[in-house]
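> Below you'll find the structure I mean.
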Amino acid sequence: MSAGALPALLAAEESGRGVLSPSGVEIVFLLVAVVVLGAAILCVTSRHLVHAALYLVVALGGLAVEYLLLTAEFIAWVQVLIYLGSVVVLLLFGLMLTRAPIGPSPDADSANRPVALVVSLAAAATLVTLVVDAFRTTWIDLDTPHGRSDALGESLFRAWVLPFEALSVLLLAALVGAIVISRARRDDSEEGRG
Amino acid sequence: MHLVHPATLAVLLFCVGLYGVLARRNTVLVLMSVELMLAAVSLNLVAFDVWLADELHSGQVFTLFLIALAAAEIGIGLAIVLLVYRRRGTVALDRLRALRDGPGAVAPPDEVHDPDARPAATADAAARGQEATP
């Protein structure tokens, strides 16, 4: 922290919002953040493959609650519908179709686990230091909601309608591609393994 | 709300996803970690959009696009994983080394299986990913 941080923090404390006197929304946000992070860590370390997918549900559902706390209600419900409703189900189907074991699988992690731990811890330390130092005197004004469905839909279908249509074409292309890739060909039955 | 809270949560979630991508062995678990990283980016976009109170809602619209792209990505990714599983019989990342270069390179089991049984052109096509269709 530089020398100019302390007066700014003190001024923020006097104006009724400070790090040491968190508001109710901040406390709820931090509690849900602990749940999200714990579920995410369990998701990437669990030896049960199906449990990992279910921990992913907890993490993404907690993120939807965080979106609600940030007054982005439409994003929160889209997150629940698409992530929890379809993406996790797709992942569970993927686990089922690749014959993942039901019990604990000892080879869920590869041999470069220590390297991954070092890399991710270094990245976390660097980025947390940077983010905390950059935004320590920045506050979000949550009194006026900024994610209501009507305002978001208006800007989506006025300013962003061309990217929206391009995205729909992209989704169609991705769907057709997935069907073409996963279609069973004739040489699969001859050369494939099952 | 202090902007540091959502930004720090996004950073930590991203790093957890990074660990998962690097450390996991099962391809489906790697895809799950990629989803965690994408969710962290979405949280960042929403937090900064609410902070700036953008009139066009750029961050939230981009988050919607990101969620749709994640759905497309997971569909394509799982299709590729299932195809690999059908061809090779495994989804362990460290056993899929058909394109590996250097001292550890080994021939994938599909080619050492019975090389004399098919003509050279077919074997060559098989080495390039079995794209030849009858």
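Using N, Cα and C of the backbone, Cβ positions are placed for all residues, glycine too.
Please treat TrEMBL annotations as automatic predictions, because they have not gone through curation.
Summarising the annotation, TrEMBL assigns transmembrane segment to A:27-45, A:52-70, A:76-95, A:115-139, A:159-181.
Tell me what's around each of these sites.
Here the transmembrane segment (A:52-70) has long-range neighbours at 25, 28-29, 32-33, 35-36, 39-40, 42-44, 46, 76-77, 79-80, 83-84, 88, 91-92, 95, 108, 140, 142, 147, meaning same-chain residues at least 6 beyond its ends whose C-beta is under 8 angstroms from one of its own.
Listed as Cβ neighbours of the transmembrane segment (A:76-95) (distance under 8 Å, sequence separation of 6 or more from its ends, same chain) are residues 49-50, 53, 56-57, 60-61, 63-65, 67-68.
Within the same chain, no residue sitting at least 6 positions outside the transmembrane segment (A:159-181) brings its C-beta atom closer than 8 Å to a C-beta of that stretch.
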